[in-house]
Structures are given as structure tokens and as C-alpha cells.
Amino acid sequence: MSAVPLKNDGAAHAGVRTISVLGATGSIGDSTMDLLRAAPEKYRVESLTGNANVAGLAKLAKEFSAKFVAVADPARLGELRAALADTEIACGAGESAVIEAASRPADWVMAAISGAAGLKPALAAVDRGATVALANKECLVCAGDFFMSRAVAAGARILPADSEHNALFQALASGNRHELTRVIITASGGPFRTWAAADIEQATLAQALKHPNWSMGQKITIDSASMMNKGLEVIEASYLFALSPDEIDVLVHPQSIVHGLVEFADHSVVAQLGAPDMRIPIAHCLGWPDRIAGRAARLDLAKIGQLTFEAPDFVRFPGLRLAYDALRTGNGATTVYNAANEIAVAAFIAQKIRFGAIARLVEDTLNGWVRAGNLAPLSSADDAIAVDHNARKMAATLLPQIAAKAS
């Protein structure tokens, strides 16, 4: 049994749908609120959370008449209370308040809090048996088996909100799980798609941030340039759809129009296409199992003219190879992969290491973790958070050696 409903299970929702948005002030939250804004007659907002942007959070709470609002930073509670003083909106601060927001009664929850901080709130929504649109990578990369098992046990539905996984979700509805032979996740190739390995090694921060298609945050844009982001998506797809690494392929597609493909036993391949706009997969999750009016630009294939595809290069982009290695290793290795990458990207942004050293730090951390005998199954959110914390410490310890080798 899967928590991801590959077929319409009769879950159509009549009347007004109650919504909670965890991470309402981030980029995914912004796209979600834009869609809610377009159809106020269909949705009622229960809870909203934000990290530290109190002004933005309070503005959204008032606009959508939220029942409860939580800010992750405990020090901002007074500021939030003051901003909402002329309303009857309840508010809180800190991790417990964010978890409370996730636990409140809502038909549909957008889990878009970034980082490991999003794991416990997403689990709180899952444990309530909610329909959860999942945009937090750590829930799957750091605790995939555990998270999906909890969702099944609670009767929760997990709807993939990431563009590639949502594409697979839509394409999988064309057949049955036992008929699937492989899924294909597409990658733009990033700004260094045609660069030589030596040039990629020396790439600057400004060059890494020039994504050809998507407008994203700094960290994810760098991950796209290194293809670490695609590695994370391979890991996520494995847990979401119960796929082995051998059932997941990556295909470089520079135009970012085809987002995912599914091949079935009869060798039919079903693909999902759309403009590179996160409002498309979010709208699919928001309306599921129905469809709602979109806010993104309509796709004009004649204007685009051609779609091209290439095999990924695991030599120039070793981060993708390392993701498959971590997935096959299991026992927390994918958590280590993600944690080490976050340390490496932060070091690159701070100009402590070269771009090419990002993958080397991830590989050295993974190897060090295995040699230390740290591999073990994760059976709780605290287990996953502990591995994440300790892997970051190991990566930080290895960082000076990596930096010295590159100098």
C-alpha cells in the first residue's frame, strides 16, 4: 500500500476545502497563496506558518482570515502579537507552535518549510491523516522509509508538489504500479551543462547562480548547477513511489518543458509537460483529484519549436552518482548526502571552497560515515535529525582538508 494515491480513490471534496500552509512566506508558500487568492470561494485558510518574516505572515493572515498563525523564531512572538492585535487570530512561536499549526483540522496541508525543521510539522499533519502536499525534501531524503510508513499507518495521502515528482504522479495515473518499468526525471542541466570539467571546477558563485530556466533561491540554484538537486530528487522518487534505484533514470532536457516520464510494460511512455512554473504542480495538488483553473502561462509548443534530450554526465556531475550510491547504501546514507551537501554549498557561497569541491566534500563525508560504522536504520524523526546533525559536524570537520586540496 502506498501513501501516494496513484489512482483517484474517490477523494473528491465537495464544498469549501480547509487549508493550512506551512512555510507560507517562502517561494512555494507564495505560489500556493497566489492560487488560493484566485479562488476564495473554494478555500478557507486554517493555519499559516513562517520562519521570521512577521510582517509578511501577518499580512497573509489578515488577507485570508487565518484561524492560527505561527512564526518559527520564538523571539518574534511579541512582534507577531502586535501585528495581529487588531484581529482575533490566535498566534504562537517556536517549534511547538508550528507543530500545532500542522496539527489543527485542515483537509489539505502544504508542507513547504525548508530544511530539517519541516520534518516534525509534516509528520504532525501526516499523523492526523491529512492530505499533505509535500514540498519539503528532508521528509523523504532524511526520513523516507519512516515518513512514508507513518503516512500509510495514519491513512494520510501524500501529494508530490515538486515539479518532477508531480509530473511522475500525474503520469503514473495512466497505468497500474505493477505495470511500471521505470520513471524518468528530467533535468535542465543547469548553467554548466556544456562546460568542460576543468571549467566547472573553477566556476564562480555568480556563474552558478545563472540558472537558464527557473527562478529559485540561492541554495537550490547552486544544487541545480551541481546536479545535486537532481540527486536529491532521485532519492525522493525512490521513497515516494517505492522504486529501486534501477527503476529511476535521469534525462537532461534543457528546455524544462517535459518534467517527468513514466514507462510501462508495453513500452508506452507517458510524459507530463508544462511551463517551468511551480504554480502548475501546486495547482494540481490543490485541486486533486479534480483540476482547478491555472495561473501559469499556457504552454505554446509551436513557439518553443523543439525539445531536446541528453544523457547525464556522471563524471562532470559526480553529485548525481553519489545520490545513487547513497540510495543503494541506505541506513541513513541519504541523510548524510543531504547534510554534507548543505555544508558544502554554504562553504562555496562563503568562498571557502571551489565549486568542484562540493561533490568531493559530500563523497568524503559519506565514505567517512561508512568507515565509522555509523550506518543504521532510522526509526523516528529524532533519529533522522540526529544523523543530520552529526553528518553536518563530520562534513564541517572535513571541510578544511577539502579546501586545502583545492588551494
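Quick reminder: no glycine exception, Cβ is built from N, Cα and C everywhere.
Per Swiss-Prot, Mn(2+) is bound by Asp162, Glu164; the candidate from Glu88, Glu95, Glu233, Glu247 named for the same site is Glu233. Swiss-Prot names Thr25, Gly26, Ser27, Ile28, Asn53, Asn136, Glu138 as NADPH ligands; from the candidate set Gly217, Gly231, Gly260, Gly274, the record adds Gly217 to that same site. Across the structure, Thr25 (NADPH binding site) and His211 (1-deoxy-D-xylulose 5-phosphate binding site) place their CA atoms 23 angstrom apart. Within 8 Å of the centroid defined by the CB atoms of Asp162, Glu164, Glu233, the record's Mn(2+) site, lie the Cβ atoms of Pro160, Ser163, His165, Asn166, Ala167, Ile185, Lys230, Leu232, Glu236, Ala237, His259, Gly260, excluding the listed residues themselves. Taking every protein chain shown into account, Lys137, His211 are the binding-site residues, and of these the Cβ with the most other Cβ atoms within 10 Å belongs to Lys137. Note: Ser27 (NADPH binding site) has non-local neighbours Met216, Gly217, Met278, i.e. same-chain residues 6+ apart with C-beta under 8 A of its own C-beta.
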